[in-house]
Number of protein chains: 2
Amino acid sequence: MTSEAAFIRALRAIATDPAARGLTDDAAVLELGGARLVLTMDAICEDVHFLADDPPATVAWKLVATNVSDLAAKGAEPRGCLLSYALTDADAWNEAFLQGLQQACEFFAIPLLGGDTVRPKSGAGRNFALVAFGEPRARMPVPSRSGARSGDTLWLSAPVGDAGAGLALLQGKRQTDSPAQHQLVDRYRKPMPRVDLGVALAPYVTTMMDVSDGVLIDSERLASASELAAVIQLDKIPLSPAFAEVFGEDLEARLFAASAGDDYCLLFTAASDAAGALERVARNLHSTLYPVGHFMEGKGISLMFDDVAVATPDRLGFEH
Amino acid sequence: MTSEAAFIRALRAIATDPAARGLTDDAAVLELGGARLVLTMDAICEDVHFLADDPPATVAWKLVATNVSDLAAKGAEPRGCLLSYALTDADAWNEAFLQGLQQACEFFAIPLLGGDTVRPKSGAGRNFALVAFGEPRARMPVPSRSGARSGDTLWLSAPVGDAGAGLALLQGKRQTDSPAQHQLVDRYRKPMPRVDLGVALAPYVTTMMDVSDGVLIDSERLASASELAAVIQLDKIPLSPAFAEVFGEDLEARLFAASAGDDYCLLFTAASDAAGALERVARNLHSTLYPVGHFMEGKGISLMFDDVAVATPDRLGFEH
């Protein structure tokens, strides 16, 4: 039972309430009187979700942003959050974290409402958890991972790969002299989920989630929950100019971008005739949507590049 | 800024939303449409809130129970919880934890709705966080720490000191051959908050919280939030037969019981003429309430034993 997947299977046997959505979704959806509440909880650990020398303000930002990203994918507007903070004696670190927390809570309009501060025994790596809750718009559906239909188009709401590229640069796995490296590192440290976009897209999608582990693995999760197969056109994976400058735009670069994770943009399916409506929504919010594939009858994920089939890599993304 | 108190002061400058209750309460109270939601988050760390050799099922129980205890103190019925779990390779430990989690969720009728599983770097002590949310009864007030009036009686909903005694026995600070030791250890490991009692008492109290850090320090917190002074009659601190058998009933024993913490019973104030109503509520729920002091104009906490003033100890309770 050592893998996270096996542990979550065991949890699923406990989490039988309908609001838990079988733990297959990114958030719980609770009905209370006339209100609906979307709840999500994400923890981040040193050396797993952030690096020990990441600026503490960006660690706080990432903690808030990753949770807000889940709310955005459920079309929910943030209403509040609670923080579990592991306090150490590093005063300057704690203060900088709090500054980043305040900035992020203000930026994403998510008030901090409470939490718990604990002081773990020394030697433990830093780790923090945040719970965020939000409300979907009245009478609007809360998108889940299941519900796609064969023929639906698969969309991304932003270029991907920047954060993964930034991490590779920070880890020394790639080097560059380009000034674009700063932008890539910034994208790793400060995810920018788009709540406005998630809320506006929610009425039109058949499934939606945020990309945290990589486009390929997350697409497979949507397909699997919908009992369908996903076909991804790697040549359509959107790349930022900064990414293209440092990593290129060839098949290898696009495979990297589609399996790197930490993008925190939206991945969703919609009926093919919804394209016009989706693009109008995006234009109104000064954004662009990218069709990257489609769903069909079957199982698993297949990859294409310029209309040629490409072998699926062993590693589709990051499981953390 | 190294103390938890200083850190929370800094957090308070961020948590300015009214639902945060200034972070001086045990829970946030969120209004959503017609519904009200009480939210609380408690984390527990190895060697701080539980011992490394505590049975894993009881660690899970304690995590759920300490959060449910906060809901009970706010008169809120549990509606759900989210778990942040730090996964290690200790399969048997994880499985036993999950069994305890399921038992506790069923016992306290709090469905597990989601959460996050992370795998921290090795060497970190185990730590877990839980968020619990619940609903107060319609039109009923949600008790806070402030609002007591001079002359209010201070009440406890159960004998205290058992959990602290159990911890002292587990740590080898006290020894006994008495079979009562098992009951005391069990009370340390498996807190039994009473939601039914909290919900039923809520309409009658002027303040309410749960005793997590010790009766003395928690009474001082209620008094301070209400801008009053607390007078505690130590001879009225209720003790269980098991506690009395192993630790005695003298002043020292009662001071220990009132400053040990981990009791997770209810501590509240009410107008003196509410005593009859309170005792009827308790009787209907097969419970007993214990008046242990009163609030008056002034500041701080003073202790009496058989009508004689007793010096206030340096350590009023456990700050964790």
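Using N, Cα and C of the backbone, Cβ positions are placed for all residues, glycine too.
If you look up TrEMBL, you'll see B:25-128 marked as domain 'PurM-like N-terminal'. DSSP places the residues of the domain 'PurM-like N-terminal' (B:25-128) in helix, strand and coil in these numbers: 35 helix, 38 strand, 31 coil.
B:Asp26 (Mg(2+) 4 binding site) is surrounded by 25 other CB atoms, counting those within 10 A of its CB over all protein chains shown. Residues or ranges marked as Mg(2+) 4 binding site in TrEMBL: B:Asp26, B:Thr40, B:Asp70.
Sequence-distant contacts of B:Asp210 (Mg(2+) 3 binding site), defined as residues of its own chain at least six apart whose C-beta falls under 8 angstroms from its C-beta, comprise B:Asp26, B:Ser69, B:Asp70, B:Ala72, B:Ala73, B:Pro193, B:Tyr264, B:Cys265, B:Leu266, B:Leu267. Classification of B:Asp210 (Mg(2+) 3 binding site) by DSSP places it within a strand. Annotation comment: TrEMBL describes B:Asp26, B:Asp70, B:Asp210 as Mg(2+) 3 binding site.
Annotation comment: TrEMBL describes B:Asp42, B:Asp116 as Mg(2+) 1 binding site. A simple way to gauge crowding: the CB of B:Asp42 (Mg(2+) 1 binding site) has 25 other CB atoms within 10 angstroms, across all the protein chains here.
The annotation Mg(2+) 2 binding site is assigned in TrEMBL to B:Asp42, B:Asp70.
Feature annotation from TrEMBL assigns substrate binding site to B:His49, B:Asp262. There are 22 other CB atoms within 10 A of the CB of B:His49 (substrate binding site), with all protein chains counted.
Residues or ranges marked as ATP binding site in TrEMBL: B:Gly115, B:Asp116, B:Arg145, B:Ser212. Secondary structure at B:Arg145 (ATP binding site), taken from DSSP and collapsed to helix, strand or coil, is coil. The local packing around B:Arg145 (ATP binding site), expressed as other Cβ atoms within 10 Å of its Cβ over all shown chains, amounts to 23.
Per TrEMBL, the feature domain 'PurM-like C-terminal' maps to B:149-303.
TrEMBL lists B:Asp213 with the feature Mg(2+) 5 binding site.
With respect to Cβ neighbours within 10 Å, the binding-site residues B:Thr40, B:Ser212 differ, and B:Ser212 shows the lowest count.
Of all the binding-site residues listed (B:Asp70, B:Asp116, B:Asp213, B:Asp262), B:Asp213 has the fewest other CB atoms within 10 A of its CB. Chain A comes within the C-beta cut-off of under 8 angstroms for none of the binding-site residues B:Asp70, B:Arg145, B:Asp210, B:Ser212, B:Asp213.
A Cα-Cα distance of 25 Å separates B:Asp262 (substrate binding site) from B:Gly115 (ATP binding site).
Here the Cα atom of B:Thr40 (Mg(2+) 4 binding site) is found 14 Å from that of B:Gly115 (ATP binding site). Per the record's binding annotation for ATP, residues B:Gly115, B:Asp116, B:Arg145, B:Ser212 show a top Cα-Cα distance of 31 Å.
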